[in-house]
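Swiss-Prot lists Cys408-Cys416, Cys627-Cys632 with the feature disulfide bond. Taken from Swiss-Prot, the feature domain 'TBDR plug' covers 61-167. The feature domain 'TBDR beta-barrel' is assigned by Swiss-Prot to 172-743, with sequence analysis given as support. What Swiss-Prot lists as signal peptide is 1-28.
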Amino acid sequence: MSLIRTRKKIVSSAIASSLSMIATTAMAQEAVSQLPTIHTKATQEESLKVDQSANSKFVAPLLDTPKSVSVISKQLIEDTKVTTLADALRTVPGITLGAGEGGNPNGDRPFIRGYSSESSMYIDGIRNSTSQNREMFAVEQVEVTKGSASAMGGAGSVGGSINMISKVAKKGDFLEGSVAAGTDNYQRITLDGNKDFGNGIAARVAVLGHQNEKAGQSNGAEYKRVGIAPSITFGLDTPTRATLSYYYLQTDDKPDSGIPYWDSSLGKAQGKPAEVKQGTYYGWKDRDFQKQENHIGTIKLEHDLTDNITITNTAMYAKSKNDYVWTNPDDSKGNVGKGLVWHRLNSAITDSETFTDQLALTGKFDTGFLKHRFNVGAEYSKQKTDKGGYNIIDAKGNVSSTGFYSDCSDLSTNWCTSLNGPTQKPFVDRLQARPDFDATVESTSVYLLDNIEITPKWLLDLGLRWDKFEAEQNFLATSSAAAYTAKNNSDFVTYQAGITFKPTENGSIYTSYATSASPVGLNAGWGDNSETINANNQMIDPEEAQTFEIGTKWDFLDNHLNLTAAIFRTEKQNTRVQIDPTTYANVGESKVDGFELGLNGEITDKWNISAGYTYLDSELTKNGKSCRSGKCTDQSIYNGNQMPNVPKQAATLWTTYKVLPQLTVGAGAVYSDKVYGDVANTKWVPSYVRYDAMARYNVNKNVDLQLNINNLSDKRYFTKAYASHYATEAEGRSAVLAVNFKY
């Protein structure tokens, strides 16, 4: 297979590059070993508190920004040893994970404050929202902006957005990494080396090799990943700088299939996941797979026009592929009531190419007594996507896109398995790739962000953005429908405004208002079906939302500890809903009222903490209809129900304490309330508490040993609730021992 050959080449290149970096850096360390400051930094732990966003659109420090922002710091990533973005986001309360496109559970689909942020994922401030599983090996930190924010990020951003900050070349020499092994065949190696060549030139490379099986699942899901992320920067400490970077990640997985819901025929808790043995696997290993490949190339140019004004241009080209065949443990024919599960096929072949260019002018200036910190810019992006899937052809020549014997009428065909004791049997049919459609999404925008200091105690935050959006999908002819093209062209203005009062230098009290817009076709080609464009919804206006927020932020203990609190309401007022089989209208409504608390930083020089709590009171205030195969069901009977994927209460805690100069221990907990998967509130997963622990021992100034145990109590809980069919069971207890090194 070409993917396997490519992986071998990537691994070989990665190892060669890493060994070269190790040798070079080791010699450099030997040559300058008389400099004690380098050694001190090698073992120093960073704070869990972050004061400034790495995104230039945050023109003021986070303390003075009238918006809720949670930062998953580098230290928190290292403490918890999270390896994927999905795992990292579980450290932020108010975020839940939903099933991906077509019910596929194997792509990042976070919900922030109740609304999907699948289309609001960014890398270094540039949209990167194709369906994929994102890795952490080349990520410095993750910034979660909460509330409507289209003035900053463009279309989408109803409940918030997620921005991953990349590791890029910088000043100084260092080499760090980790070699880890654990339960469930866990093996992981990461290397991160930076070399400062002098004369303003530095290079950096991050390398990954990873594999594991799903914890608590025997002969089930498997995950394999390799990646490399080199970068080089020119002009450090000069007025003109250039950074060139490349990112590559390849995955080869056997995906998990989830646990089917109970149905009413069983006389049990209808809608709750089936009470089968923890770790039960319904996938068809002889058939199922998921292969992803991601390439991202970036050129960033910066020039300081003056000491206070900088112009920046960032161009990014991204190419991604998501190819999978996955088992949906289908319950639609009443099979679960018979003690059976059908191996329904879900599949996709998605190839996407995106070019984005951002031009920004940032800095500060005064107009009379007003002091401005600003970012004004323009953005252009174009994404092309080809999407298809797989058909199944049996020995008789029958063709299906989902499979055969859905009623489990012939168990000899291997299409069904036992609910309580599923077995693996050969897949004797044939898969054949098929094209479905291609899509193009193009957007152009200009924006202005300004934070104005009226007096040292009063700040005004303003933002305005105009977007022009064009989407087109070309559907190929099928046996039941002719080929056709669907288009949507729209433009919209979004804005934000906030007032901050600073009673003291270390505190702020603010109120803010922000809007967002989501046009039809925003996720054309890869997103959830409700967000793609078709003949019936192509003339619909963009959805609109708004967030009102009142909050306060305080730095305590000599600015080492940060406390935040906010109350908010997000309203989505003209949601696209179906009126009849061929008609959509902007008449849907929903809202979320909430409250949240956050605490991050150092309580003492030995005690670090990151904690948060959210309360979300969500409501579907106006629903439309659900139409399938020409038949519609009135959804207005569910008005007043809780929104899917929204726990009423959620909390996270991570804390570490240095009990000895060489020994640090840590503990964490994650709590989530009951979550519904559907608007009818009939499919749901129960609340849970998960506990984690960590111990790190410094062997010497360069090497430490770290043990992480996740899900200490081996709690059976669920991370995703799909609208029908299944829920995703979380991993069982796992342990990982890592050797970390820093030079």
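Glycine is treated like the rest: Cβ placed from N, Cα and C.
By neighbour count, meaning other C-beta atoms within 10 Å, the densest spot among the disulfide-bonded residues Cys408, Cys416, Cys627, Cys632 is Cys416. Look at Cys632 (disulfide bond): DSSP puts it in a strand. Residues belonging to the domain 'TBDR plug' (61-167) score a mean pLDDT of 90 in the model. Reported as a whole number, the C-alpha separation between Cys627 (disulfide bond) and Cys408 (disulfide bond) equals 26 Å.
The residues of the domain 'TBDR plug' (61-167), classed with DSSP into helix (H, G, I), strand (E, B) and coil, number 22 helix, 34 strand, 51 coil. Cα-Cα distance from Cys632 (disulfide bond) to Cys408 (disulfide bond): 27 Å (rounded to the nearest whole number).
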